[in-house]
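Trainee: Starting off with a structure, shown below.
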Amino acid sequence: MKNEPKITPELVAAHGLKPDEYERILKLIGREPTFTELGIFSAMWNEHCSYKSSRIHLRGLPTKAPWVIQGPGENAGVIDIGDGQAVVFKMESHNHPSYIEPYQGATTGVGGILRDVFTMGARPIACLNALSFGAPEHAKTRHLVSGVVAGVGGYGNSFGVPTVGGQVRFHTRYDGNILVNAMAVGLADADKIFYAAASGVNMPIVYLGSKTGRDGIHGASMASAEFDDKSEEKRPTVQVGDPFAEKLLLEACLEIMEKGCVIAIQDMGAAGLTCSAVEMGAKGDLGVDLDLDAVPTRETGMSAYEMMLSESQERMLMVLKPEKEKEAEAIFKKWGLDFAVVGYTTPSKRFVVKHGGDVMADLPIKELGDEAPLYDRPHVPSAALPVVHAREVMAPMGVGSALEKLIGTPDMCSKRWVWEQYDHVILGNTMQRPGGDAAVVRVQDGPKGLALTVDVTPRYCEADPFEGGKQAVAEAWRNITAVGGKPLAITDNLNFGNPERPEIMGQFVGCLKGISEACRTLDFPVVSGNVSLYNETNGRAILPTPSIGGVGLLDDFTKSASLAFKAEGEAILLIGETHGWLGQSVYLRDICGREEGAPPPVDLAAEKRNGDCVRGMIHAGTATAVHDLSDGGLLIALAEMAMASGIGAKLLAAPTSLVSQAYWFGEDQARYLVTVPETEAGRVLAKMRGCEVPCVRIGTTGGDAIAIAGEAPVTIDKLRTSFERWLPEYMGGKAA
């Protein structure tokens, strides 16, 4: 058939299919597949598209709530925020491409997640990201940071959506496999959400957007395999993005949606035309006939195999109402985009692909997705690590010196160098910029605001996957709460190593159980997400990194809280219990040189109780500044509040019942720092006692330094110098 290669065991293996999976294909279709069919099965049955190793565990996630309009299974999740408005959001990874070609990998990661959001009928209003890089001293790290940050900024800035928050971390376990997790958030009318399921027989299937090229072929398969020393050879499988074409595609899609032309819509992401066409047909219980001669291409002589597996960017597939076809075509031509009828829906439940008059593929459409192998892989739980007792930890330096050093380390230092390359205020609705607990974005034409955050602590997840999974969700919940938002829902991006290794699968299962428990207890459902496995190189896996993207609602964005101290002479209150937990803390790692111990346990009932009280204080107007406590503990949080305002703090000494370093740098969970006017302090403390919420006064705002009783003060200027210095110097070429 058109000189297609002969199917051999080597060719099957090169497509990422195991021998038993190929036998399953033979049984399913009753014959040997064509080369194009082999490519289609490879695309639909790989880990990236089929979730074959994770699906049985994902079923345990809580996904429903009265405000959830659409949970997992569509292009993005959708939640109701009242007044006929909905928030559409999702996070997904572009890890493997970004390691091979950092600029293009990052740009197309942003482009892909934006398409997922506007495919649902939403106008994107914000992006966030979570970036994990190797050790600063690794030979490729500086190059990868530079390329990824430029790519994220280049696409978002050109497309015209603000990048409002995220995370950046460094760890040697990401040396050979960085993580680029991108999140997009959009607004839509709650009664005008668009879905992927086709309906009606003989409806036109229309190709929209940019032309198809050879870029990105096998991109989804690459994302389903671990790296080795030849990973650089996969550079041709990295897609190339064009943010200006995507902006045109956005406007054209929203316009034809508004005109009532669309029956179903699916963006061409992983596995391109194959996955989008199969999903539209299978979800609608229909067949699909495609004629590849009609596909707009930008390269000559493309084969059916290449066209079906290309991951060229900025493309959509739609099922249109036949009577609206001409109107839709005129809209796309107006925006300068390709519009081509490439097929029709059929009652056959077959996926038929024709090219040059030949049938290149004829497969059962439901089985391509629904009959993908499903694995319950062996998994072993991670061994419990011993608790690190604070009294057994030698303090190598004083508290002030430790603060000054810690706040200038790669993970704790300012990421201004990163976020200043992103346009975080375009559209004019960013009310709280990067650097705080959560971004706050105004919902246009009203008082409402959205609180947005991305969180995970991978070292906790490695040490105890269950507690680490809980903590990732709790941290997102706290960050939203700290700005005054009511947490509504999350999207997750689950990044792990090779699931065929029982210890890695054990990490995945443990983290997922923790995420599920936290989401259930906090009433914080999962509405969308992405699983990225095989994140390892030469057998060395990344730290388990289940990134959590959280969305919350503020009824009035003008009443949000921020972390900056507001005035001198205000009372500083610590809410939540402090035990001085040093296991897996950044203090223990970066000051004491010990990356060890059990992570802090997460008491979800305390998280809910403490957080609800803090949110109540914000809404009542009592709290003047709020900051949640996480990496680095109490003193790092205090320093961040002081640097944000230029106002210092006069602090009481650590309680004698606790080791000083553990009190100041321990990472106990469910805690917040809150400032209140001096006149309110007594009343607030009494109210907290009545609510059984642990709350103590630890000091007073004022001066130009962090001054702890009995310790040498550290000036804000000194802290700010340390905080701001490392990343610009590192990226400027100074040694790590």
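The backbone N, Cα and C atoms fix where each Cβ goes, glycine too.
From Swiss-Prot, for reference:
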ACT_SITE  H48  active site
ACT_SITE  H94  active site, proton acceptor
BINDING   Y51, K90, D492, G529  ATP binding site
BINDING   E92, N530  Mg(2+) 1 binding site
BINDING   S93, H94, N95, H96, R115, Q239, E311, S312, Q313, S532  substrate binding site
BINDING   D116, D267  Mg(2+) 2 binding site
Trainee: Of all the recorded positions given, H48, N530, which has the fewest Cβ neighbours within 10 Å once its own Cβ is left out?
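Mentor: Checked H48, N530; of these recorded positions, fewest Cβ neighbours within 10 Å: N530.
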Trainee: Can you tell me whether DSSP puts D116 (Mg(2+) 2 binding site) in helix, strand or coil?
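Mentor: DSSP call for D116 (Mg(2+) 2 binding site): helix.
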Trainee: Which one is it, among the binding-site residues Y51, D116, D267, E311, Q313, that lies nearest to E92 (Mg(2+) 1 binding site) by Cα separation?
Mentor: D116
Trainee: Could you state the whole-number distance in Å separating the C-alpha atoms of D267 (Mg(2+) 2 binding site) and Q313 (substrate binding site)?
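Mentor: Checking the Cα atoms of D267 (Mg(2+) 2 binding site) and Q313 (substrate binding site) gives a distance of 9 Å.
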Trainee: Give me the count of other Cβ atoms within 10 A of the Cβ belonging to E92 (Mg(2+) 1 binding site).
Mentor: 28
Trainee: Whole-number Å only: compute the distance from the Cα of N95 (substrate binding site) to the Cα of H48 (active site).
Mentor: 12
Trainee: Expressed to the nearest Å, what is the distance separating N530 (Mg(2+) 1 binding site) and R115 (substrate binding site) at their Cα atoms?
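Mentor: On Cα coordinates alone, these residues lie 15 Å apart.
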Trainee: When you rank H48, Y51, D492, G529 by Cα distance to R115 (substrate binding site), which of the recorded positions ends up on top as the closest?
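Mentor: Considering only the listed recorded positions, the nearest one is G529.
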Trainee: What whole-number Å value do you get for the CA-CA distance of S93 (substrate binding site) and H48 (active site)?
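Mentor: Distance (Cα to Cα, whole Å): 10 Å.
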Trainee: Test of understanding: give the count of other CB atoms lying within 10 angstroms of the CB of Y51 (ATP binding site).
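Mentor: Result for Y51 (ATP binding site): 17 other Cβ atoms within 10 Å.
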Trainee: Inside 8 A of the center formed by the CB atoms of Y51, K90, D492, G529, which other residues of the chain have their CB, for the recorded ATP site?
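Mentor: Filtered neighbour residues, in order: L58, P72, M91, E92, T491, N493, L494, V526, S528, N530, V531.
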